[in-house]
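A single structure is presented below for examination.
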């Protein structure tokens, strides 16, 4: 019988799995590696894992037998049906109190279901977001675990040891119950979509209106990366824009302008609609990728549909132009994160989760794709007030957006004048203006709904009267002259 020496079992030896195993071994943990294809295990042990505290398993039974109790088994395999299949194979060999960790990109409703099913069987289940890509897995990812709280004391040391560190603090903390870990990872990915789209719009404005070369744009991003916009995505954009092909021309300009997506941004946008949250920037970022995908249609439209042209002298003050653009990017980024945390807040309320908001912001400060110095202020905001309703109610962020507002508006106006699409910048500003409006035209919208569908409406308290009572659903015959008013409970 195999000796139980493993601290962690890991199933799935694609690059992410291998790198996470090597990371754990570097931190003094003994890892048992398993893959359905035995040759992958053998190759890994003979090469990258050679000489490290990594042992192989030849079967599910062998994997389980080599792990210390309570057994901790992490899955880094394709999301969906393969996870369910593997869990079914694992469970008969486990004891109550053993721990299964799904580290893949699972959709949170699936994690909720697995959590419920395994809890009934006495198995502790953790759904953990893992961000940072291949390098993150190897040298320190952002980890977002949630699920069975009883599992946390058993996996905390491993997770916080292998996680990225920000100012000495691990970018890993317990998120909350059920599928909350994967939910937070989903929102992280949605914010990532938004950040990337904002950066692309800034690039497009500099290129098409400012007529900057790629090298000049790279220099702008390099400068921005020393200030409030310092982040991983700004850093890699700088590097991409100065990368030349073998002919000396920028490689980025040779890439087809059709962006792919794996679906996590779409999940975030759909969930925002389900919960009634105006997470507009992530939604526009998803739609921007969809628009990019219809390349042939866009080519035909470019020959048929007229629009303004950009004159050579569109920009008279390049320094002011770049400053305004920086302010637009910064303010829009604040809106994106404010919307993301609004969604997390509403999810906690709707799903009955108690979430650790300060820890969520901290987890994103290092190791992950959206890591940035900006997140330090979000962490501080939620540490100062864990129940903060919206980031825009925090003094730092309210002041930052107010200061950036003029440049933000000028940038969007300039882009609109010359026909440059800015869906993310524009929706961020539209949200800001809507959010700060005490009164919106939804009064007319609700009257329209009542006119054609008897959907009823409510009266403003200061406008209440005997025939228009407050706190009542009211329907009116709009084809008359103010008569035929009746209360109704009809809703649609």
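Including glycine, each Cβ sits where the backbone N, Cα and C put it.
According to Swiss-Prot, the record shows the following:
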- 12, 13, 14, 15, 16, 17, 35, 36, 37, 77, 78, 79, 105: NADP(+) binding site (BINDING)
- 105, 131, 132, 133, 188, 189, 193, 262, 289, 449, 455: substrate binding site (BINDING)
- 185: active site, proton acceptor (ACT_SITE)
- 192: active site, proton donor (ACT_SITE)
Quiz question: given the binding-site residues 78, 188, which has the greatest number of C-beta atoms lying within 10 angstroms of its own C-beta?
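Per the Cβ count, the most surrounded site is 188.
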DSSP on residue 35 (NADP(+) binding site), three-state: which is it?
coil
Per the record, substrate is bound by 105, 131, 132, 133, 188, 189, 193, 262, 289, 449, 455: how many Å separate the farthest pair of Cα atoms?
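Those residues reach a largest Cα separation of 49 Å.
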Could you tell me the C-alpha distance between residue 132 (substrate binding site) and residue 16 (NADP(+) binding site) in angstrom, no decimals?
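Just about 10 Å between their Cα atoms.
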List the Cα distance (Å, whole number) between residue 78 (NADP(+) binding site) and residue 193 (substrate binding site).
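On Cα coordinates alone, these residues lie 21 Å apart.
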For a quick check of packing: other C-beta atoms within 10 Å of the C-beta of residue 14 (NADP(+) binding site), how many?
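There are 13 of them.
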Taking Cα atoms as reference points, rank the recorded positions 14, 35, 192 by distance from residue 455 (substrate binding site) and give the first.
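With Cα distances computed to residue 455 (substrate binding site), the winner among 14, 35, 192 is 192.
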How big is the gap, in Å, between the Cα of residue 185 (active site, proton acceptor) and that of residue 35 (NADP(+) binding site), rounded to a whole number?
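Just about 25 Å between their Cα atoms.
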Tell me, how many other CB atoms lie within 10 A of the CB of residue 105 (NADP(+) binding site), whichever protein chain they belong to?
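The Cβ of residue 105 (NADP(+) binding site) has 19 Cβ neighbours within 10 Å.
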Using a Cβ cut-off under 8 Å and a sequence separation of 6 or more, which residues in the same chain sit near residue 12 (NADP(+) binding site)?
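Same-chain residues close to residue 12 (NADP(+) binding site) (Cβ under 8 Å, separated by 6 or more) are 35, 75, 76, 77, 104.
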Cβ distance under 8 Å to residue 193 (substrate binding site), same chain, sequence separation 6 or more: which residues?
261, 264, 265, 268, 282, 285, 286, 289
